[in-house]
Amino acid sequence: MADQLNMAGLSVGGGGPGNGPRSYIPPHMRGKVGGPGMNGPQNGPQNGGGPPGHDGPPSSVNNGLNNSAWAGNQNHDARGGNWGNQGGGPPPRNNNWNRPSFNPNAYGGGNQGGGHGGGGGGGYARGSGDGQWRDGKHIPGPVNARVERELFGTPDDPSKQHTGINFEKYDDIPVEASGHDVPEPVYTFSNPPLDDHLISNIELARYKVPTPVQKYSVPIVMGGRDLMACAQTGSGKTGGFLFPILSQAFKTGPSPIPATNQGPGGYGRQRKAYPTSLILAPTRELVSQIYDESRKFAYRSWVRPCVVYGGADIGSQLRQIERGCDLLVATPGRLVDLIERGRISLCNIKYLVLDEADRMLDMGFEPQIRRIVEGEDMPNVQDRQTLMFSATFPGYIQQLARDFLKDYIFLSVGRVGSTSENITQRVMEVKHRDDKISHLLDLLSTHGGGLTLIFVETKRNADELSDFLQNQNLPATSIHGDRTQRERERALEMFRTGRCPILVATAVAARGLDIPNVTHVINYDLPTDIDDYVHRIGRTGRAGNTGIATAFFDMKDNSGVAQELLNILKEAKQDIPPFLETAARMKSYGGGRGRGGGGRGRGGGGNRDFRKFGGGGGGGFNGGGGGGFSGGGYGGGGGGYGGGGGGYGGGGYGGGGGGSYGNPGGGQSWW
């Protein structure tokens, strides 16, 4: 039985004495080494590789749809031995090194030892931070071949996405930097301005040249300036803030810990953490992703990255931060919880980063963010650097910058709200549900490899479509908000590794997640907000790689986004189908439910510095009054988030009446 239940390298029969209850497995511990025992998940599918809670396709399938790329030598059954040896997963590693099994007991454990001065570290907490700061100097730790393979992979490892073939073409993307005394951009990873140790880690990650956002953000942050940055999805925003923050940390060393909180001898385990850098992001998946990147670039340094988020065992997270926490990646809710428990102090913060800031406010995190920034012991805006990164910056976010940033530089890379030319966009007309199914099966049957991400509007549709594809012998799984955290993580893991190369998702995967090797994004259900479309298709064509995005357009259901979708295609120099031009023209004549300037930040100047273009006194997050950017912008004419008098408004594209900021379609969920 234990052999039958060995799922993706997870030995569910090999736990501790008596096979007692298993511990929660945090996402950043997926595939990591450390600690005793190799327990698998407590619950999960036992009959196949489908989504959690559903049986996958039979393991005996040898031919997929029309002998497509899904068919033949891939074994999508979740049962069997080491996942690295399964068909469709990563190739076996060399040098007699095998991908380790999941280890829920390794959270914060291990035997690496050490600390700032040699006290009780271990496990992943020391995997990135085994250097020292001694006598005012940064002393990198020794090379660890195993950790390097874990963090950086190998050149042919499909689970690690490296620089794409079109990366150099990013030089053609326009960049606008506004503010006084904007520093000159950098064009190479070199010293100065970057620290030599960081450059060595960047080389291990196989990054050759900075992306446009990195070319500007590195000298801006290294020069001590605050930054508000808009950049295309997948353009390297994470490196844009991690590189300068870590480089400065390697040069200046740790901040002193208050004497009242030091352990014996001044170092070692301490009850309260005093991070010097704080990165806030909206979702558990995104903070885990940023944490993984921080581990890469902090490798062999004195800097200890940590991650905290809701839905995970708080005891494990407390033990983690007790071992030292220099760079903290967190979701707002869990961070507030740990602050209330007296386990994290923000008094040493030098750098505050708000990533996906617009989505954090969309999800209702503004009270927590304001409490963290303004209501705790964080240094005030004059005594810290604040960086805001996102793919869009609508008016209410730019207004928030007045409270959180000082004398900042506004950086717009490319046309924010536009899409990458690395993505080939196709729009297909459908008249009813059967058309969608037929087109989808045709697309999947001609798929040439890589991962396919399919977006639907509702949780029910995600499960139904995933089940249908499995019944067609296609290896699919699904992810949405009704899944448990463990189920979502397992589905994402199987998708990333190619065990289930088709993922049906609601909006939970639409923002921020960096899933390597996604070659095709299909908008099975078009969203009602064009910005959501931009973020969805941004899951492919990342880091300079090419990708395909296909959208199913129904004249009856999707005419509200026809004009904006047409503009997106024109901006990216894509083919324009005649039916889309007809739909946009009919909509402009017929008025209807316009979005008051084109959704969140589009048409209202979401990629422009509002300090240059002015704006009314109203608008804003709660609507009402003045109209936003030079009139007609975000919240124009009393619209906004819930402002009086706007409603859905009339007047078609960009029409008067403001447009409700909410969710006209009704079915969309943040999950």
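The backbone N, Cα and C atoms fix where each Cβ goes, glycine too.
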Motif 'Q motif' range according to Swiss-Prot, out of 187-215, 361-389, 448-476: 187-215
Motif 'DEAD box' according to Swiss-Prot, located in which of 35-38, 355-358, 511-514, 555-558: 355-358
Mean of the pLDDT scores, which run from 0 to 100, over the motif 'DEAD box' (355-358): 86
Cβ neighbour count (within 10 Å, all chains shown) around T238 (ATP binding site): 24
Cβ neighbours within the same chain of K237 (ATP binding site) - under 8 Å, at least six residues apart: V213, A229, A231, D355, F389, S390
